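Engineer: I'd like to ask you about the structure that follows.
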Amino acid sequence: MEEAPAEQRHVPVLLDRCLDLLAPALDTEAPVVLDATLGMGGHTHAMLERFPHLRVVGIDRDPQALELAGRRLQRFGSRFASIHTTYDHIADAAAAAGVERVDGVLFDLGVSSLQLDERERGFAYSFDAPLDMRMDSRAELSAYTVVNEYSEARLRDIIFRWGEDRFAPRIARAIVAARADAPLRTTAQLVDAVRSAVPAAAQHKKGHPAKQTFQALRIEVNEELDVLERAIPAAVETVRVGGRVIAMSYHSLEDRIVKQEFARGARSTAPRGFPVELPEHQPVLKVLTRGAERADEQETLENPRAASARLRAVERLRETTTPGSAR
């Protein structure tokens, strides 16, 4: 049986909720949204369909995703434009589209369906493939370099911090031992090294034993959390007053950054005991979601990748007194 095209296999997560949250901000004459993680263009396609006067600027660091999404969205003509960059360069993307402020920014974080499904990219532990994991194939650092050239101490730190794996010391030691004879070149070789380090009793408790190691390596290779820490404040600063920022994350490290940045903007900055809250002390953001919203049971059944999604959204309330900062 012939496999469906990649764009047809991708099902956007929490799509209806994203559109409903964006809708109040798009009630303007010529609204513009930045899709900061374009991927296969699923969310953008739905936005352009639902809001006929909307323009969307899609951002992605993955040239393959930009090419596929561009073909899929070609029929929308000048209502869609794409830019090859990382999503911390949101202001530059807006400027390239000819706007200073936008009405909404959407983040669908983490690894994309395209990257997981394309075996040769090396993101998935379930396929044997070259150790790569680069979201941008033109980037220099790959998982091969990290696995084979980083010291045991550095590997341990990455797997513990980015993978939140308590067996990080054992896994790092096993990787260094395995590469002593010859470099680890494939995902299967890496999986074997991880399996040898994780106790048998623990291998069946939290899914695949290599899941957290692969997450850690992917984050390291693509500097995902560093980029995200810059991107959320940049997004808040790029939306107009009344504009909205929506972020979907897929693991606790991403969600923690989003939560903290949104909470910081939603707090008063008035000094404790200050008798009057001055305008410059008032919150910049209003949180629109109660905690992190999750996909319902039906969506999770239809789209298993939605199971780990956590959605948070904010609205910008006022201008900031210090340019370039929403805090």
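The backbone N, Cα and C atoms fix where each Cβ goes, glycine too.
Checked Swiss-Prot, it gives:
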| type | residues | note |
| --- | --- | --- |
| BINDING | Gly41, Gly42, His43, Asp60, Tyr87, Asp108, Gln115 | S-adenosyl-L-methionine binding site |
| REGION | 292-327 | region 'Disordered' |
Engineer: How does the region 'Disordered' (292-327) divide up by DSSP, counting helix, then strand, then coil residues?
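Structural biologist: Counting residues per DSSP class in the region 'Disordered' (292-327), I get 9 helix, 8 strand, 19 coil.
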Engineer: Could you find out if DSSP has Gly42 (S-adenosyl-L-methionine binding site) as helix, strand or coil?
Structural biologist: helix
Engineer: Neighbour count, 10 Å Cβ-Cβ cut-off, for Gln115 (S-adenosyl-L-methionine binding site): what number do you get?
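Structural biologist: Total other Cβ atoms inside 10 Å, all chains included: 21.
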Engineer: Drop a 10 Å sphere on every Cβ of the binding-site residues Gly41, Gly42 and tell me which sphere holds the fewest other Cβ atoms.
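Structural biologist: So among Gly41, Gly42, the binding-site residues given, the one with the fewest Cβ atoms within 10 Å is Gly42.
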Engineer: Can you tell which of Asp60, Asp108 has the least company, meaning the fewest other C-beta atoms within 10 angstroms of its C-beta, among these binding-site residues?
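Structural biologist: Candidates: the binding-site residues Asp60, Asp108. Fewest Cβ atoms within 10 Å: Asp108.
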Engineer: Just to confirm: which same-chain residues, 6+ apart in sequence, have a Cβ under 8 Å from the Cβ of His43 (S-adenosyl-L-methionine binding site)?
Structural biologist: Pro12, Leu15, Cys18, Asp35, Leu106, Asp108
Engineer: Using a Cβ cut-off under 8 Å and a sequence separation of 6 or more, which residues in the same chain sit near Tyr87 (S-adenosyl-L-methionine binding site)?
Structural biologist: Ala36, Thr37, Ile59, Arg61, Phe107, Val227, Leu228, Ala231
